[in-house]
Amino acid sequence: MNFRNKYVLAIDQGTTSSRAILFNHQGTIITLAQKPFQQYFPKPGWVEHDPNEIWYTQSSVIKEAMAKADVTDSHIACIGIANQRETTIIWDRETGFPVYNAIVWQDRRTADYCEELKSQGWAERILQKTGLVIDAYFSATKIKWILDNVKGIRERAERGELCFGTVDTWLVWKLTRGAQFITDVTNASRTMLFNIRTLQWDQELLDLFTIPASMLPQVKACSEVYCETSTPIFKKGIPVSGMAGDQQAALFGQLCVEDGMIKTTYGTGCFMILNTGKEPVLSQNNLLTTIAWKLGDQTTYALEGSVFVGGAVVQWLRDGIGLIPNASITEQMAKSVSDNGGVYFVPALTGLGAPYWDQYARGAIIGITRGTTAAHLTRAALEGICYQVYDVLMAMENDIHAKPKEIRVDGGAIANNFLMQFQSDICRCPVVRPNVLETTALGAAYLAGLAIGYWKDIDELKEQWCLDKVFNPQMKEDTARKLLNEWHKAVGRSQNWAE
């Protein structure tokens with residue numbers, strides 16, 4: 001097929017914004033369009049989105065990206081989707097109307113129910129089947145909450161009238177006007193309902209959470225032609241041929257395609273993923289075992305550490321307490337002081353993720369004196385992101401009994417040179433920043449393009465990976481060790497805080 005003058009459209013549906021990016025055959029960004037959407041916090045610990053607003057903003061940026069590039073449908077070879085994971089949407093199979101707001105991955109309303117499951121002895125069984133720890137983070141308890149708490153919904157679900165999907169499923173449903181009800185293995189692996197060994201929905205877990213199997217989408221590989229669009233956005237059908245959760249898409253976009261390669265994404269949260277190859281490695285250190293991707297019949301597995309609050313702590317400094325006017329000033333502020341002034345910021349604003357998994361931890365700023373300035377607080381917030389990533393890296397090293405050669409990084413925050421240098425200093429490891437920062441979208445584009453032959457194979461993709469900068473450790477090792485000791489003291493103070 002002739003792909004001359006054709007582009008791949010990547011849909012990158014994130015936690016705070018919807019984006020659409022057009023890539024050319026060299027993996028270069030042609031245009032990018034982005035639109036934020038409303039975050040809803042109905043109660044403390046609750047986080048919701050409006051599914052219709054997700055679709056409205058996503059369809060809007062698709063049109064904007066195409067208009068910016070002055071391209072028509074005939075210039076789009078295929079579409080790839082990357083999405084925020086775990087976020088749970090339930091809608092009516094006939095009308096397509098959501099029955100409740102999307103419950104976002106950060107939402108903690110089911111924390112007490114998760115504790116009940118642990119006390120009933122389900123932790124090991126769920127770990128063996130799904131690779132996951134029991135936590136409100138994943139979709140299963142969110143689905144159950146909607147079925148149990150929204151009037152009339154359980155009865156409708158049992159009559160087969162409702163669909164559940166993560167955001168990828170919702171987008172494909174909308175792109176095909178309800179003709180396709182599918183997900184991919186990476187998104188399925190984050191529901192706590194999917195058996196990562198059999199690659200099937202697990203009936204025992206469906207029974208545990210009292211979720212009717214009829215609600216669940218068909219599970220597909222990450223790179224295959226699923227369908228063609230049938231939405232007014234496009235005048236003709238365009239193949240939808242790649243799909244993965246955002247962190248797995250970023251791992252693929254970074255071309256961490258060999259065992260032992262590792263990447264960290266700095267977004268709303270921070271997510272470190274290590275490619276473990278063809279076999280799942282069950283963590284002994286509170287990490288998640290997940291599916292990296294499935295190409296054809298071959299499934300690749302990964303270890304993941306999820307940090308709930310990464311870049312969101314900077315958002316909180318700006319919007320929550322008005323300490324900074326914008327995110328870009330944080331690098332300058334952090335560098336304006338020689339150290340953190342003894343201040344440690346544990347950004348457990350929605351609990352602590354890996355490796356602590358403390359749903360009742362809360363944010364803490366410790367070590368404040370009369371000499372503490374806004375610059376110290378800002379620096380402590382950035383350092384807090386890096387310390388959390390360090391804790392995940394140590395858990396990974398203990399699981400695989402090896403140190404990574406380097407950490408590839410992506411996400412909006414990696415433009416912050418202070419953050420990247422401090423990360424290298426603390427981890428005692430090179431931090432590698434690529435030329436293309438939009439690796440989540442690039443991964444979705446690669447998966448879609450491979451399925452239709454736009455790119456021949458992974459070797460062709462490897463030739464496109466391009467380095468921007470390597471950050472090597474500069475801090476003395478004993479200084480790093482002292483900082484980490486203080487950090488771990490601060491974490492201890494923040495744990496088990498909420499009732």
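The backbone N, Cα and C atoms fix where each Cβ goes, glycine too.
With a 10 A radius on its CB, Arg85 (sn-glycerol 3-phosphate binding site) counts 27 other CB atoms from all the protein chains. Following the DSSP three-state reduction, the secondary structure of Arg85 (sn-glycerol 3-phosphate binding site) is coil. Positions annotated as sn-glycerol 3-phosphate binding site by Swiss-Prot, on the basis of sequence analysis: Thr15, Arg85, Glu86, Tyr137, Asp246.
The Cβ of Gly412 (ADP binding site) has 18 neighbouring Cβ atoms from other residues within 10 Å, across all protein chains displayed. Residues annotated as ADP binding site in Swiss-Prot, with sequence analysis given as evidence: Thr15, Arg19, Thr268, Gly311, Gly412, Asn416.
Counting every protein chain shown, the Cβ of Gly311 (ADP binding site) has 23 other Cβ atoms within 10 Å. In this structure, Gly311 (ADP binding site) belongs to neither helix nor strand by DSSP; it is coil. For Thr15, Thr16, Ser17, Thr268, Gly311, Gln315, Gly412, the entry in Swiss-Prot reads ATP binding site.
Annotation comment: Swiss-Prot describes Arg85, Glu86, Tyr137, Asp246, Gln247 as glycerol binding site. Residue density at Tyr137 (sn-glycerol 3-phosphate binding site): 30 other Cβ atoms are found within 10 A of its Cβ, drawing on all protein chains shown.
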*asked:* Measuring Cα to Cα across Thr15, Thr16, Ser17, Thr268, Gly311, Gln315, Gly412, which the record gives as the ATP binders, how far apart are the two most distant ones in Å?
replied: 14
*Quick one: which of these binding-site residues, Arg85, Tyr137, Asp246, Gln247, Asn416, have their CA within 10 A of Gln315 (ATP binding site)?*
none
*Just the number: how many Å between the Cα atoms of Thr268 (ADP binding site) and Thr15 (sn-glycerol 3-phosphate binding site)?*
7
*Mapped DSSP class for Gln247 (glycerol binding site), helix or strand or coil*: helix
*Would you please pick out, from the binding-site residues Gln247, Asn416, the one with the fewest other Cβ atoms within 10 Å of its Cβ?*
Asn416
_If I take the alpha carbons of Thr15 (sn-glycerol 3-phosphate binding site) and Gly311 (ADP binding site), what is the distance between them in whole Å?_
12
